[in-house]
């Protein structure tokens, strides 16, 4: 596949959505993408029509029907399988770029470390759902739990975001471990928005600028 899959990861309130919007404007004009390539913006859960229905079930379940941890994990896996098969892989095969707000790393961090489900099981589901697809570059927007809670209190929260401090601390630990093990690019998310955007741009130029030069 000639396209590129880029992912933004991090705990609640780290600014992923803000930076995704910035890159949506910057990347197509950056000169890094091949001629004719389009940028597809997406998210997990909810990157497809089926994914939107699953997102609602996971984050805003009806009444007292909150899914059990294992059921929650399987719903995320179903969302990812549909997402990869319907949107991500076809776009990459056509040479387009895909920028996703969360991917499989979030499941390991939230359901593995946060919910304390079996990591081996989650990794097996990851392989099945993605059919072995691995992001070309993942950015970890690193934010302290304390700052995450401050930012979270300033907005409405879904079921996952409303979890307590202990849960969020485990999730943050998970992201730190994954970033190290999977060679993610860490960025300090407690800076001004413009500083984070500039750091993202610099890293993208570093990783993909030489590639574009070699293709000319």
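Cβ coordinates are placed from backbone N, Cα and C, and glycine is handled just like the others.
What Swiss-Prot records for this protein:
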type: BINDING; residues: 10, 11, 12, 13, 14, 15, 16, 17; note: ATP binding site
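Features recorded in Swiss-Prot, as mapped to the structure shown.
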residue	record	contacts (Cβ under 8 Å, 6+ apart)
10	ATP binding site	16, 140, 141, 142, 143, 175, 189
11	ATP binding site	109, 143, 145, 148, 168, 171, 172, 175
14	ATP binding site	141, 142, 143, 148, 189
15	ATP binding site	141, 143, 189, 193, 196
17	ATP binding site	101
Cβ-based neighbourhood (8 Å from the centroid) of the ATP site, residues 10, 11, 12, 13, 14, 15, 16, 17 excluded: 141, 143, 148, 151, 189
All-chain count of other Cβ atoms within 10 Å of residue 16 (ATP binding site): 22
